[in-house]
Amino acid sequence: MKKRLSAISIAVISIASSNAHADNFAFGSETPTTTVTIGGAAAAPAATTGGGVPATAGSDGTSQNQAYGLISSAKGGAALSIGDTVQAAGRNATSVGSNSNAVGNNSVSFGGAANSTGVGSSAIGASATATANNSVALGAASVADRVNSVSVGSVGSERQVTNVAAGGLSATSTDAVNGSQLYSTAQSVTNLSNQVSQLGNQSTQMTAAVTAEATRATNAEAALQSQMANNNSWMTRAQNGSIGAGANATGKNATAIGNATASGNNSVAIGQGSVADRANSFSVGAKGSERQVTNVAAGTAATDAVNVQQLNNGISQATQASQNYTDARVGQLQNSLDSMKSDMYGGVAAALAVAGLPQPTAPGRSMVSAATSNYHGQQGFAAGYSYVTQNNKWVVKASATSSTRGDFGGVVGAGYQF
């Protein structure tokens, strides 16, 4: 025997070649033994079987594809195809059944002519088709063409889904519901509709009752108007505007109602013991027996009476306006003080800068100098020229200053030394 017995080759059906590497098994004719292959003329890096027509399972040597059947193909990587004319083209795809195809990655096709092309799709049943990603087609000729959908039929060939357990009912539930749940809901809607109908009948009855009451109110209003007309006639006949027992209207064009006294001209006194003794006055009481006037609407004209709410609102608005004005003025004063303080700090910074300007010390020498300083956050700048005379007696200096507050200054000086 040859020394190359480390490679084991077994031939079944026809001639098996042992010219491959060790630890490989080949079943079929002309099969390289880098993998396990079964069938005639099969060539794959994983496993293939076929008879007469090749079953192909990839060519990269690492994909671990498996193909079983005539003209079967598993090339997607870790793919499996079983049956005649079957294709598992997607990675991790599985296709089982004559003429079935699993094209999408992680797709599954089971059944004759089943076809799953979407990523993660599943087509189960003869001629079932799942074209959308993560879709599932269940049953012969079912079509799932929407993402994340489950189909049990197709347009014009729909199916019933039976024996479905009752799904959970809540605001966040995603369970399917069955017919009994829908029937219960329909019954609830029917009961609600009946209740609404009953309410409608009651509303009709109430409308009739309201109409009857309105008729009675109209009759009562007519009677009241008639009585008021009689009263007005009686009041017109009342002497000097005195109405009621004990009423006394002595003033010109005065009116006293209910044991009241109206002695002022064009005055009105209303109520037991009320006194109107000033011209053009309206009284509802007397000194020591004052009354409140209640339910007074808010006045709108300049001469209308105001109620307590209007008075309080007016006081509140006036107080708030005064407070706002005071706050504004204080704020303006504070801003002025802050600005003045910043100007002062800028002036001090400029003074410090000019004080820091050096000058020459030798006779006949000149100097151009500059200085800067900072005081409480403000920056000062100074530039100057100075000169010492030849006889060393006089010193002349001119300087200019500025600050971050936008102010500028200048100074000229001379000194005599002895």
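Positions of Cβ are set from backbone N, Cα and C atoms, glycine also.
Curation does not apply to TrEMBL; its annotations are automatic.
Note that the structure is predicted; figures quoted are calculated from it, not measured.
Mean pLDDT for the domain 'Trimeric autotransporter adhesin YadA-like head' (88-112) in the predicted structure: 97. What TrEMBL lists as domain 'Trimeric autotransporter adhesin YadA-like head' is 88-112 (among others).
TrEMBL lists 117-141 (among others) with the feature domain 'Trimeric autotransporter adhesin YadA-like head'. Packing against the domain 'Trimeric autotransporter adhesin YadA-like head' (117-141) from elsewhere in the chain are residues 90, 97, 100-101, 103-111, 147-154, 157, 159: each is 6 or more residues past its ends and has a CB under 8 Å from a CB in it.
Long-range Cβ contacts of the domain 'Trimeric autotransporter adhesin YadA-like stalk' (160-203) within its own chain (Cβ-Cβ under 8 Å, at least 6 residues beyond either end) map to 152. The domain 'Trimeric autotransporter adhesin YadA-like stalk' feature in TrEMBL is assigned to 160-203 (among others).
Packing against the domain 'Trimeric autotransporter adhesin YadA-like head' (243-259) from elsewhere in the chain are residues 235, 265-274, 276, 279: each is 6 or more residues past its ends and has a CB under 8 Å from a CB in it. Per TrEMBL, the feature domain 'Trimeric autotransporter adhesin YadA-like head' maps to 243-259 (among others).
What TrEMBL lists as domain 'Trimeric autotransporter adhesin YadA-like head' is 262-286 (among others).
Taken from TrEMBL, the feature domain 'Trimeric autotransporter adhesin YadA-like stalk' covers 292-330 (among others).
What TrEMBL lists as domain 'Trimeric autotransporter adhesin YadA-like C-terminal membrane anchor' is 358-418.
Taken from TrEMBL, the feature signal peptide applies to 1-22.
Within the chain, the domain 'Trimeric autotransporter adhesin YadA-like stalk' (292-330) has long-range Cβ neighbours (under 8 A, six or more residues past its boundaries) at 284. Taking Cβ pairs closer than 8 Å, the domain 'Trimeric autotransporter adhesin YadA-like head' (88-112) reaches residues 65, 67, 73-82, 118-128, 130, 133, 140 in its own chain, all 6 or more past its ends.
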